[in-house]
Amino acid sequence: MGMLEARELLCERDERTLFSGLSFTLNAGEWVQITGSNGAGKTTLLRLLTGLSRPDAGDVLWQGQPLHQVRDSYHQNLLWIGHQPGIKTRLTALENLHFYHRDGDTAQCLEALAQAGLAGFEDIPVNQLSAGQQRRVALARLWLTRATLWILDEPFTAIDVNGVDRLTQRMAQHTEQGGIVILTTHQPLNVAESKIRRISLTQTGAA
């Protein structure tokens, strides 16, 4: 039994089947990239895995239990960052981290922002930051979270090369410590092929 399992997932949109019979099992320490063409259902699959949407058939299980039976404990173990940064634009970068991690002290939040490349921008309202900087505010949570499972939809959008490298290193560290990372990205990952497992939505049912 793996930590996260997709079992015979079916997803249909507008009378079109995005994927069917999709099954896979993820274990501690895995780093997974969901691949497929535009419109293949990559974001849809991520939302199914987070529990934000329900499949038309099939099940998602966490530690052997369907998500709807373990929703609270699952979400305590999950960090989800979607296409939108999901941050409070009227708050500063530092205030945003305090909002999402109320048990984190200021020093930890400042360190997370520095790791994300936002040193010097901590006290600026988010609505005055660039798109890339706003994305970094959301991604700074990667240095604070205690969640085991990270699900990230295009995390490198609007991030420069140095930022991508830093984020990639953080993901590698997380998986080396037994965490799981699932992501979509159009950018090449600067890591050894042996470290990345790819699940293709162009070959559904055989992932």
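Please read every residue number as a count from 1 along the shown chain.
Just so it is clear, glycine is given a Cβ too, placed from its N, Cα and C backbone atoms.
Residues or ranges marked as domain 'ABC transporter' by Swiss-Prot on the basis of sequence analysis: 4-207.
Within 10 Å of the C-beta atom of Gly39 (ATP binding site) sit 12 other C-beta atoms, taking all shown protein chains into account. Swiss-Prot lists Gly36, Ser37, Asn38, Gly39, Ala40, Gly41, Lys42, Thr43 with the feature ATP binding site.
Remark: Asn38 (ATP binding site) has no non-local neighbours by Cβ distance under 8 Å and separation of at least 6 in sequence. Those same-chain residues not listed among Gly36, Ser37, Asn38, Gly39, Ala40, Gly41, Lys42, Thr43 yet with C-beta within 8 angstroms of the centroid of the ATP site C-beta atoms are Leu18, Thr44, Leu201.
Across the residues of the domain 'ABC transporter' (4-207), the predicted structure has a mean pLDDT of 94.
Around the Cβ of Lys42 (ATP binding site), the number of neighbouring Cβ atoms within 10 Å comes to 23.
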